[in-house]
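Written out below as structure tokens is the structure these notes cover.
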Amino acid sequence: MTDLRITEAFLYMDYLCFRALCCKGPPPARPEYDLVCIGLTGSGKTSLLSKLCSESPDNVVSTTGFSIKAVPFQNAILNVKELGGADNIRKYWSRYYQGSQGVIFVLDSASSEDDLETARNELHSALQHPQLCTLPFLILANHQDKPAARSVQEDMFSPSSENCVLPLVTLE
């Protein structure tokens, strides 16, 4: 073998060793899921997402319109569209439902009876929406640390339809 061929062979072997040890390629892609997060103003949607993203909840302001956050977990990434909960924004929620693979409904468990009734109506509307009715729902009873908070055992949602019985989840 000529010196040039020997050099090429060593370079190629170096390249193969380098690839085998250092460059195994990018890590396998984590699956991504698109979720929509809805609830009335002040229910804690932004605080929830900030906590999940390890951000400081100190400077949280109410969402006007919508925001999108990527929430990384070890085995998946949740792309969450958080929709503002003000009266004038809720009528546009359905425009953001397309492509969603799940729904997070955040409820202020310490809210007034009127707000609870509004939340109940919005939840029932979302449950019946054609783009959401087959998707998994997580109903989060937030603000459990407040004195006026209702417990999960209390009758926060007495569904008007027989087929709508959902367990509530609380974070403490």
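In case you wondered, yes, glycine gets a Cβ from its N, Cα and C as well.
Annotated features in TrEMBL:
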type	residues	note
BINDING	G39, L40, T41, G42, S43, G44, K45, T46, G85, N142, H143, Q144, D145	GTP binding site
BINDING	T46, T63	Mg(2+) binding site
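Residues listed for GTP, G39, L40, T41, G42, S43, G44, K45, T46, G85, N142, H143, Q144, D145, cover a largest CA to CA span of 21 Å. For the binding-site residues T41, K45, D145, a Cα to Cα distance of within 10 angstroms from T63 (Mg(2+) binding site) holds for T41, K45. Within its own chain, G85 (GTP binding site) has I38, G39, L40, T41, G42, S43, K45, T63 as residues 6 or more apart in sequence whose C-beta sits under 8 angstroms from its own. Rounded to a whole number, the C-alpha distance linking T46 (Mg(2+) binding site) with H143 (GTP binding site) is 13 angstrom. Counting only same-chain residues at least 6 apart in sequence, those with a Cβ under 8 Å from the Cβ of H143 (GTP binding site) are S43, G44, D108, S109, A110, A149. Shown are the binding-site residues T41, S43, T46; of these, the residue with the fewest other Cβ atoms within 10 Å is T41. The Cβ of D145 (GTP binding site) has 10 other Cβ atoms within 10 Å, all protein chains considered. In the shown protein chains, 27 other C-beta atoms lie within 10 A of the C-beta of K45 (GTP binding site).
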